[in-house]
Every structure is written in structure tokens, then in C-alpha cells.
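Down below is the structure, laid out as C-alpha cells.
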Amino acid sequence: MSDKDGVGVTVISHDSENRTLVDGCEHPGCYSRDIHYTGATFSQLASLTAVSLFCEQFIKYECQGSLFHDGQNQTRNWWVSRDSMDMAYWGGAAPESDKCACGMKGTCAKRGDRCNCDKNDHKWREDSGLLNDKTNLPVKQLRFGDVGVHNGFDEVGYHTLGKFKLVIMGFDQIFALTMVIIKFLLGSTTGDECRIIIFEEPLPNKAINGHVIRSEEVANEGDCRMMCYMEPNCVSVNLRPLHVGKYKCELNNATVDESKLTFLEEMGAYYLAIENPCSSSPCLNNGTCQVGFTSKGFRCVCVHGFVGENCGVLPKSCSHLKKLHREAKSGLYLIDPDSEGELLPYKVMCDMTDKNGVGVTVISHNSENRTLVKGCENAGCYSRNINYTGASLFQLKNLTAVSLHCEQFVKYECYHSRMWRYAWWVSRDSMKMTYWGNATPRGNGLTCTCGVNKTCTKAWYHCNCDANDLQWREDSGFLSDKTDLPVKQLRFGDTGQNNEHGYHTLGKLKSYSLTGDEYGVIVFEEPIPNKAIRDHVVSGEEVPYEGDCRMLCYLEPNCVSINVRPSNEGKYKCELNNATAEENQLIFLQEKDSYYLAIENPCANNPCLNNGICQVGFTTKGYRCVCVPGSAGANCAVLSKSCSDLKRLDPKAISGNFLIDPDGEGGLTPYHVICDMSDKDGVGVTVISHDSENRTLVDGCEHPGCYSRDIHYTGATFSQLASLTTVSLFCEQFIKYECQGSLFHDWQNQTRNWWVSRDSMDMAYWGGAAPDSDKCACGMKGTCAKRGDRCNCDKNDHKWREDSGLLNEKTHLPVKQLRINGVIKFLLGSTTGDECRIIIFEEPLPNKAINGHVIRSEEVANEGDCRMMCYMEPNCVSVNLRPLHGGKYKCELNNATVDESKLTFLEEMGAYYLAIENPCSSSPCLNNGTCQVGFTSKGFRCVCEPGYAGANCNVLSKSCSELKRLDPKAKSGISLIDPDGDGALPPYHVTCDMSDKEGVGVTVISHDSEDRTLVDGCEDPGCYSRDIHYTGATFSQLASLTTVSLICEQFIKYECQDSLFHDGQNQTRNWWVSRDSIDMAYWGGAAPDSDKCACGMKGTCAKRSDRCNCDKNDHKWREDSGLLNEKTHLPVKQLRFGDVGVHNGFDEVGYHTLGKFKCYGLA
């Protein structure tokens, strides 16, 4: 599976692969060699080529004075096809050309000849290449002549014929072959990941320059074509001859017609292009076009945020993005809710983990922090305008229109401050809203959740805060009427007195449309008045509106119809039904003022098998099937083959009784088993009980094997259990014999005790020993009670002894019959995924151990437990096993092997050393990565140091966001990054915060000026200066970080008392200096070049017309603060302040605070 870049190559050997002498035969074709293929007839091989996309066979003839074509142009050498047709073309040439490869390219030893051997100059020459016309292959016979003696010179040759190789194809490729006539066609398997390319005629003595994406030495043209096929961005190749028949294969990402290139004239080279539908540039928005994929002949690989077949679609929301791109991760994205409308797209944060991963669009704003409300008595006299980040209210209105659900959390904490008639919020359309979180409108004053539910401090209150007492109270909840959201303004009052105040908190706006298989789309039919159905109600609830009942039905997956009945005070009783009248042929109840409402119901035809539950409105089919334990598949038609298979299909499966079907569509019936989903690190263990698990007395029977105990397994035959072992990676059964004066082997070496395999074979080896060893575990280790015995019981000294351990040769299991009791169960391991570990233990070495590499030590009952401990510890590559008291053992897990570490053994009687085959010994993991044996198809995996990623830890992340993308499991901590990659700047250490900003991966840089610092005693503008020194990085290094980051920010704050930003002459007194040493007069929260602070942008400064709060200069402590986020200016290099002397007898003073430098997102 490594040849042809792992596409999966079928290889057929034969009896003529070695280099073979051709001599002593002058006439054309007088030498013949029949080819016999291993294990297959030519008819079988012909059928194999029919279902293969590509076939090839290497052929070579080395010659000295031996021609392919003589002076009369007669062919002297040829090969015979599988259909017994003589073929005069040679490897690397076209069928019916009667040429060799050099003749096709015009590069033969003698220009104009058809083969190198035609020069006939008594030098050793060669003609070779790949045959790849699959209708002729494989080669049936080789025929040569002109190998006698001519003019006193010996004519001689050697032939070599390679193995027959095929790339098997699927139905899609077979269909494609019937639709087009091709010169050369390559494909892999099926689906959009399959690639089908058509090579045009080669152009000799030509090449193109400046578009090479990969270059490699190859043996022949066919290998170069295959390289191009395996590289999705390859659309043409240059092939240049090298030394000794090799070629330089250059893969290009452009063709001459596409790029308006001109050819290089180069003797011996040749250019080969693919038919290129990408030449019309069908991929929009900088998407990459790749030839040969999908039914269109190309596919588009879109840049971050764009989706659609041609990358022409901006998602309308994060839910829309998740639907189009299932693997999309949380982060910043560009969305366009009104698509082709007039409103501009805008950036949002997409949370792909919230709401079960549906794709939640999150909009931040300037008022998310808990904010004090005080000093305002009249109703609504306090107001707070809400400004949303990056989007206008018109843009957000369009977002709510394309979203099924929107929500915004709102909370008011009150102390002696009422909400009723004093507080409200303003909708996006400037409407006064008198309901609070989780409530519905009622009356003229504000209604909170407790007022609707009658759970306020007193039953007649509208809100908890209406108690208006000297206690802290709270009213909070979610606003979810999307026609009103988002909140435009908050209004409060009743906080004028000294003991009256409150705090408001407003959450981010979150929108999501319930798309995808986990969320439903349902269509209600017309309501039927004065009717209802009964006996199918799954839940009932009182609701204020009929529309709420529809939503309840939507949120209950098993609801397919509703009864709506009038209740008290204008409310409704909503009953959710799991059946429709039509589906169940039910008779309606006649009920005045009620009505019945059904969903269009594709579940009516019972599409879910094996007792699966059909739920309407999910997936593109309009329904989904919720399968009972053990079954799976779109219609629950697939039963799991084992508990490990079930765990793979459903990682959330819990321990219990399940139905499995190990042989799938075979003739054996499914059966019930116990699945233990907690044992063996939760891999999914299939457990089969039987009738002989209890400790059982063996007595009164002297002859070998005279006592027998048949084992009957619960609910399964031996044939069914054999099929279970076939689909399982690992099986085990514990067996134990306690003995007093009872032997395993008598003095004539006769076996007295054994067990019988499922195939009725007597097995003389015992638990913990190797098959065919006729030993117990202690006999394998040389640790039996009597040295040299094969089992402990063989000592026969009338003491109680024991032989026990795990049987794990799965082709023998389960045990069918016992002469001895055992407590038995089946254990089956996982077989798939990079988390699965497969290790191979080498032969044990008795009386040896290694020292200094123990990572864990534990007492165990037998060797099998020690092996399993090593399997479960990813860093274990060998074990020391030492005997202890009472037949126990000390199991030491080592993180090194002798060959790897150049260790020497300790000689220790009774101990033994057991190592794993260790591909980590070659140290494949770079940059201090930890190599762990037994994982992935390579036989190992690398656990990288923070900052590094990639299969071999060879990729150093450019930022914490890139690290999070490469390794979604990366944790917060110190990491090494290299923003400029291969540039000249060295890497440096940063703090990665993997929880901030919705877990996108925030790069955090500390500095020496983060503490609140006094500014005093300096009057002139900027006379106070503070240089900022960042931890571990220069400004050049930090500038490169901003280049690869989508967003950078730095918090800045100045607290002032009589210290101005701008004086009476409008002169700037305070500023900060950018990384490029440019003075910056704007402050945190304001726009670049505005020369303002945040309040100046919003018109909310202490003095309305001022540009900063500090400009009021009124002897009070004031503050200007906010985030700087123009990344081309950041980070801050220096802080400059003035106006902190003494003026008119007043001390002018300030404090500055500068936050850490943070960058996140991928530019």
C-alpha cells in the first residue's frame, strides 16, 4: 500500500522476473520464454484488468550486437499478449508504433532508429520502459532473435520482465471509461475524491519554466504520469533525461494554453499536458482549481470562509457555513446574510461547539460588562446605547431573518430599585419593549419571567425587583423574539436616592438556524378545527401562544402532530403527539374550539428497520432513524459486528446488552452480548458469559482427561463466536487450575490435563504460555515451583499450587471443553483509527532485565496482565517481569529497548525481558517530540512539544491560532512559534491561551509595563515617557506575528485627575508610539487618525463635545480606556504623557495601564 502514493496496487508475480541470458539463436523470435503467473490463469488476470483503472508491466532488453529491427526493417524481437497476439512495440512506446521509448521521443542512440539496440555497434545498450495498454497485458511470452555469431562477434542479450501491477477502480471509473475515448487515463477509487485525468499527446524537445511545484528522479515516463496523478495541483509535466536511463520528472501547476507561456526548446526533454478545464479559471475568490475531480472535471478548493462548487458563495450565517462545510472550526469568518442584496458582508465569530455544533453566529458589543446604574430617578432616565462590533442594525436584522433562532441574555441586579414602569429595552426598530428575559409582553409595565410564572417575591409582582427592598435581587433570562433583536438600547430609572442602585448585563447576540442532520426542518399541514386525537400524547404543556406549541413540537424529535386546546386566561394547552391520524387510521375526537395540526410525515411508511425510531424533519430525506442498541446505518439496517465496532460507530455508547452480527450478511444469525465500554480504556469489549465460570471442584478421576466439562456459551454457538474472533483484533480467556497433588505432566511426560478448542482440537498449553509449547506460564519464564518443570502443578508436593493466565490465540478460542475449571470471558480490541495501538512482542529473554528506564511498576497475577499494561501505556516499549511472593509478579514498564539505547542487560535469575518491535529506535520524531510505538499505519506516532505539529513534529506553528488549527487538542501554556516561517527571524516563546476568544488560540505577549503606574511631575506635552519591552521578542518578530494574524489587540487605559489629553489650543498632551516609532494620537476604542478616545467616537464623554473624558479637567478622577486593534501599528512601543504638574494650586496626576499584546485568527 506504499506504491503509487498508497492508492492500493495489486501485484502479480511470475517465474521470469530475474535477468535472463538470451544467446545462441539467430532467426527472428527463435528464442521464446513462456511466462507463468503465480496463482492465476490468463482468464483470471484478464478479468482483473477489466475492473482496473491502470495496469503496467516493466520490460527491459539489454543488447550487445543484437538488433530489434534488421536492414530489411524486419522485427527480430517482440512479446506476446495475453490473447496470443505478437506485439512489436516495447516498454514506454505507444501500441502499434513498432518502436521503443527512445523512438517515441527521438532520443535513440542513433537518431532516426526506432530502438537503442538498432545501432548494433557492439556496445552494451538498453531499451526499457512500462507497458500499460491493459487490453494486451499481462505479457504471455517473450520472443528474441539475432543472438548468434555475426562477423566473428558474439550477439547476446538479457531480458528482464517486471511484476504485473494493477490499480483497481470502482464503478464510477468504469462508467467514465464508457463515456470518453482516452490516450491515457488514471483514477483512484470513487466519489469526489477520485481523480480522472486525460493526458494529451506528448510534445518532444519542449518544456515550460517557472511553474514547477515538485521535482523528482524517476525510472520511466509512467512513474512521472503517476506522480502527476497523485498531486492534485499538477496539470502538466516536463520529463528530462538523466544518467543511466533515469529521468527528471517536474510537475507543473500550469499549461501552455492556460498561462500564455512559450516553450523552452530542449533536446531530449518532452512536455506532457492534461486536458485542463481549469484554464477558464472557474474558481472564484482566489479558490484553487484542481483538475480531474467531480463530474465537472475539476473541483475548487476555497479560501477560508468561502464555500460552494465555485467558491462563489459567502455563507449567510455560521449555521449556513456549517451546513456547507461540516469540518469548519470555531473562529472568525466573513458572512453575507442578504447574499446579493445591497448590504456589505461582515466578520463574525462562529462558535462551532455551542448548541450541539450547529454553527452559532456570535456578535459582540460594547456593553457586555456588568455596568452600574445610579443617580437617575425618573423612568428610563438612564440610557445605554448598544454598539455591535463590525455590523449595523440593518445587517444584523438580515442575520436574524436567515436564522431560525436568536437569543440575547439580559440581566438586572437591583438594590431598592424597581423595574415595573421604570425599566425597559429598545428593539432594533426603536420600539419600547416591556418584557424581560424569558417573559412575554403583558400590560403597560415591564414583565419578567417570575411575573409570568407567578413566582416573584410576591405573587402580584411583575418582577423580583418590584419588592423595592434593601436586598440585592435579580431578574434575568433570554430574549428570543428574533423580530425584535438585537437590543438597541437599555433604559432604567428609580436609582436617584443614595440607597437605590443596580447593575445591568447584556450578553452577546447569538443566532443559529437549525440545519444539518441533528436539527429538523418540519412542514405543518393546514390545521383541522374542532378536532383532536388521543392516546398518542408524549408531553403536554400550557403555553401563552399557539406558535409556542409549534415550537415545542419542533424541539421534540418524536412529535409529528399537536392538539391545541384553549386554557385559562387566554392561554393554550399544547399536547404533542407521536402519531398522525392518517398514519394510524385514528378517529378524531370532536372537541369545540380545539384544533389538530399535523406535520408532513415521511415516517408513515415505516422506513426504519430493526425497531428503529423514525423522527420527522431530519436529513435531506426528511427523516432520520434512531437505532436501538447494536444497530446502525441510515435506516438501522446495519448491525454492529462487535462491541468495538459499535463503539467506533457510536462513541457515546454505554455498557449494556446489545445485538451484534459478526458475519454481516453471512448465514449466521445475530445474537446478544454484553458490551463493556469501560474496560480496556473504553475500546468496547464484547463479553460472552457461559455456564462454567464458578470455581469448581475436580475430584475422583485418575486417568488423563477423564474429567470433562463442556462449556455452553450464553446465546451463541461456536460458529457464531468464531465469526466474532475473525472481526476482532484481540481475544482472550482467563484460565486457572488450583492443584494439590494433581499433575499436568506425569513422569512419562504424558499430559494429564488439557482444554479443547472451538474446533475440537486438544490444546496442551495453558494460560500465559505460547501455543504448541505444552507449557504453563511459569514454564515459558523458567519460574515454576520446580526449576525445569513446565507447570507449577508438576511439582506434585501436596501443597496448594496454581497455574493460570490468559489464552489469547484467537483462532483456538473460545474454550469448548475443560478438564479444568476456568473463569472465562471474551475480550476484543479495537481495530481502527490512529488511537488504536497494535504492538508485536518479540521472543522473551529469560534471566535478563534492563535498568534505569522504568516508567511504571505494578504487581500482576501473570505475564498476560503485564503485556496488557504495556499495551495500555503508550510510552512502553519493553517490560521486565520479576517473580514475587505467592505466584505474583512485578511488572516494570520501560520506555527504552536494548537495541535503541545501547543498554546492557542485567543478569537476574528468574526475571525475563520482553521487548516490542520498535520503529521508534530510528528517532523519527523531531524537535524533542515523543515517539510512541504501535499507532497509525506507520507503526508509530509523534507527540509534539508545545508549538510543534505535523506527523513528525517538523512543523513549527506561526501563531497560537495556527497551532490550534493543526492540533485542536492543544492546551493553554508556553509554546514556541515562528511567524515568519523560513524567514530570517528566529522563533520565540509565547503564551498560548486556548480558552479565550471562543478557543480560537490567542497568542499572548507580556511586557514590563503591565502594572498600574503613576504619572506625575511633568507639565510639557509628552515629557513623561515609558519604553515598553516585550518578553522574549523584538518588534520585528512581533510585526511578523501581526502579519500572520487576523486580529491583534492591546488594552490601554489612562486614569486622570486634572490631566488633559487636549489643551485649550487643541494641542495633544498624551500619545503612544507605534512599533514603527510613529506617534499615535488616538486612544483605545477609537478609530485610527481620529485623535479621539472611545467616548469621543460615541459622543458620550464627560463633556459631550470633548474628545476624551480627561479633557473635562474638573478635578475629578476620570478614565479613558479601550482596545487598540489596528494591527499595523501594534504593539505599543512607548507611552508619552504630559500635563501632570501643578496648575492653579491643584496637583495634576494620572495612572497608565497597558495590557498584554494579543493576536488571534489566521490572516
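Using N, Cα and C of the backbone, Cβ positions are placed for all residues, glycine too.
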Please name the cysteine among C920, C942 that TrEMBL pairs with C925 through a disulfide bond.
-> C942
Answer for the disulfide partner of C953 (TrEMBL, candidates C931, C944) is C944
Whichever of C627, C643 is disulfide-bonded to C636 when TrEMBL is consulted = C627
Close disulfide-bonded residues near C953 (disulfide bond), where close means Cα within 10 Å, chosen from C302, C311, C925, C942 | C925, C942
Listed disulfide-bonded residues are C300, C311, C636, C925; which of them have CA atoms within 10 A of the CA of C625 (disulfide bond)?
-> C636
Using C-alpha atoms, which one of the disulfide-bonded residues C283, C627, C636 comes nearest to C311 (disulfide bond)?
-> C283
Quick one: DSSP breakdown of the domain 'Fibrinogen C-terminal' (309-365) into helix, strand and coil?
-> 10 helix, 17 strand, 30 coil
Spatial neighbours of C636 (disulfide bond) among the disulfide-bonded residues C300, C608, C925, C942, C944 [C-alpha, 10 Å] | C608
Could you give me the DSSP helix, strand and coil counts for the domain 'Fibrinogen C-terminal' (634-690)?
-> 10 helix, 17 strand, 30 coil
Distance, C300 (disulfide bond) to C608 (disulfide bond) (CA atoms, angstrom) = 36
Counts of helix, strand and coil residues, the domain 'EGF-like' (916-954), according to DSSP = 4 helix, 11 strand, 24 coil
Sort C283 (disulfide bond) into helix, strand or coil using the DSSP assignment.
-> coil
